[in-house]
Amino acid sequence: MFTPVTVLDPGWLAFLSPELASRAQFGWTISVHILFAALSVGLAPFIVYFTWKDVRTGDERFARLRSFWVKVFAAGFVMGTVTGIPMSFQFGTNFPRFAEVAGELIGGPLAFEAKMAFFLEAVFLGVLLYGRDRVGDRTYVLSSVLVGFGAWLSGFWILVVNAWMQTPQGYEMVVRNGLEIAQLTDPIAAFFTPRLPWMYVHMINASVISVALLVAGVSAYIVWKKRDAAAWNTALKVAVVVLLVSAPFQALHGDAYGRHVEDTQPQKFAAMEAHYETGQADLHLLAFPTSIDAISDPRAENLFTVSLPGVGSFLASGGDFDATVLGLNEYEENPPVALVFWSFRVMVGLGFLFIALALWGAFLLYRGRLSESDRYLKAMVVASPLGYAALLTGWYVAEIGRQPWVIQGELKTNDAVSAALSGTDATLTLAAFVVVYVALIATALYVLKWLIRGELRDLGATDDADDGWRGPLPEVNEND
Amino acid sequence: MTDWLPVDAYLVESLPEVWFGAVMFALGMYLVLDGFDFGIGILYATLDDEHDRETFLAAFGPVWDANEVWLVAFGTMLLAAFPRVYSRLLADHYLLAIGFVLALLFRGLGPELREQRDDDRWKRYCDLSFVAGSALAPLLFGVLAGRWVFDAPTLSLPAVLTGVGLVAVSVVTGAAFLAAKTDPGLARPLRRYGIGATAAYLGGVVALLAVVVLTDAGGAADVILSWPVAALVAASVLSGVAGSVFALRGRYRAWLASALTMPALLTVLVAVLLYPTVYPATGLTVREAVVSPLALNLTTVLGFPVLLLVLWYFKFLYGVFSGPIEADGYGE
């Protein structure tokens, strides 16, 4: 059979194995997709609030905020769709064995996601974007609620699938047509796995934090440029209040989530702390590599740590400083420990930074000086992408920490990869996805930049030579 | 839940066949609805005037996102009911499937991004991405479908003709949709393209079926010579001819109705050719490939009412944006 690739195959193109290339491809596409998915989830409550206030009060501030953020939402939704469709295909193209084995368990929830959530979002986003003059006020507000509900429900069904992969239950392995597959035996158990509530709350809240930081950053930038931009002063306040609630909550929730991981996935927990020897575990509050090797191989002896002795055991066991915590040496194969260990530290570190930013903002808000503190405005602009950094690293802890399993304890990732897939095809498509998605992220950032510039132009803000500060965005001038 | 949901028998005896029908229905909705979006994208290349281009984009702006979701519905329903077929189908057509989704990506980004910046070169790039994606996506999807149905190689007549046929029928529906939504000045050239594409499509279908009969690709020759296929082909020809007549008489809504029948009939043809298998290369029949009774019963009970709700949303959405588009497009 003629395929162009076989003819062109120079051999060296297949420098990645099908498994490695497939994992890299899936990891990469989901990393990009998740940014847009989280944007939808996190922005949904803001959109509902702005739309509701706009329709109810007729206040120009809220009309402006609604119009701006609905445009961001729409761009994010398109990007989420175009990056999400390849992902749903990858279960079949790259990991067909996973789709075969788990089809009965994951197919239902994924189909429910499409039918219950995705359609809802797509249909009513059309109304929200283009229908202001064509539907009544009530229908218009309802459309925003349905779009938001769709986004949150979509996350729910996706996490039903993911949580099942982390703590699978409600099935039994049977042989059908000569293949061993997981057959659904108990739908309630399979949908409502032990991990689901932890994952859902943590992920939704992470999306809200990320978007609150984004809204705060954009508002801070616009307020910086145009102090009397009433709408954006309001948006900044709203974002700070949202952050004040969500950021501390995430820390409390994350702590309890960690204990749950220790109960259900001790190997992942050990990787998060780079805990090799079974026995008492310390809690490393801070860790610094003492050599280059320590970055790729973080073990206690290679690190300078600030640790609380026995607190790892205390947390994992729920009260016993001497409790035994299983170490990585107990397992034949471990996840890439360094990735998990450092990702976890970045996530937690950023989480505490967000709490600090929220408290600082609350203090300024209380003093009535929120938009006057240049230092705070600058800090929020710089912090605007950090929520996403925390969200991604958290996702890496959850997903890379589960390796070598794709379905914990049941199916290894290595065995889920397509037997028909060549290293060349997998490497080529990986390269294509890297190029296209990098362009996509760049485009998304440009879109945001243009929207912000357009907004500044509308507000009549022009380049002010006095402020002296060059932010990450180019200056706006009258030619724009 | 298992107390009231049968564990070892399908809710109704024919549920596996019902799901085969449901999956084909989702595929048909995708080919019909996103088909005219692709057609608009291809016809877009014929325009020079900026205002006309914006009119074309406005015609499908509020609905294309929702139309595209039918692809996801099709894929996930296939996974939910026939996981083995889903995984084999995609694994066997790796590069085509990835190429198709990348084409969709370019199609989707073009119109979304062009309005973000008032710059001619930027708009040209966005337009190029939109047109190329709109033409490539149905072509690659059609080639994939040709390989799927006829078990034929990528560069074989059955696969390529299916791809070209899908592009042609998309142009027909796109032209009819635009004619029904825009003013007479724009509709006139669309008639020419629409009728030409109709002829190409019908010719392509006949040629495809002839090739398949002659080569017996996928062992489908017998089915093609049966009366249901003959009836489907006759109905397609009738829709195409009737549509062309409506187009010439300026009855664009009737043209649209006839035009949309064609991809719907094409989907029925695919279903007839496939059944009783879902993917001939696996050798598995619908009954062998389907998931266990409990899983299918559950997906039915939770999924079917939602499917009806989805159809209602679509009626609502198309209702809100019905009628000719306004001079400045929709919305803000």
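Glycine too: its Cβ is placed from the backbone N, Cα and C atoms.
For reference, TrEMBL has these:
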- A:26-48: transmembrane segment (TRANSMEM)
- A:68-89: transmembrane segment (TRANSMEM)
- A:109-130: transmembrane segment (TRANSMEM)
- A:142-165: transmembrane segment (TRANSMEM)
- A:200-223: transmembrane segment (TRANSMEM)
- A:235-252: transmembrane segment (TRANSMEM)
- A:339-365: transmembrane segment (TRANSMEM)
- A:377-398: transmembrane segment (TRANSMEM)
- A:428-448: transmembrane segment (TRANSMEM)
Beyond the flanks of the transmembrane segment (A:68-89) by at least 6 residues, Cβ under 8 Å: 26, 29-30, 32-33, 36-37, 39-40, 43-44, 46-47, 50-51, 110, 121-122, 125, 128-129, 147, 215, 433, 437, 440, 444, 447-448, 451, 455
Long-range neighbours of the transmembrane segment (A:428-448), counting only residues six or more past its ends (CB under 8 A): 5, 13, 16, 21, 24-25, 28-29, 32, 35-36, 72, 75-76, 79, 82-83, 86, 218
Cβ-based contact of the transmembrane segment (A:26-48) with the transmembrane segment (A:339-365), 3 or more pairs under 8 Å: no
Residues from the same chain, set at least six apart from the ends of the transmembrane segment (A:377-398), whose C-beta lies under 8 A from its own: 30-31, 34-35, 38, 162, 166, 199, 202, 206-207, 209-214, 216-221, 223-224, 236, 268, 272, 339-340, 343-344, 346-347, 350-351, 353-354, 357, 360-361, 371, 469, 471-472
Closest-packing stretch to the transmembrane segment (A:339-365), where packing means Cβ pairs under 8 Å, from A:109-130, A:142-165, A:200-223, A:235-252: A:235-252
Cβ-Cβ under 8 Å with the transmembrane segment (A:235-252): same-chain residues at least 6 beyond its ends: 45-46, 49, 65, 202, 205-206, 208-209, 212-213, 215-216, 218-220, 223, 351-352, 354-355, 357-359, 361-362, 365, 370-371, 380
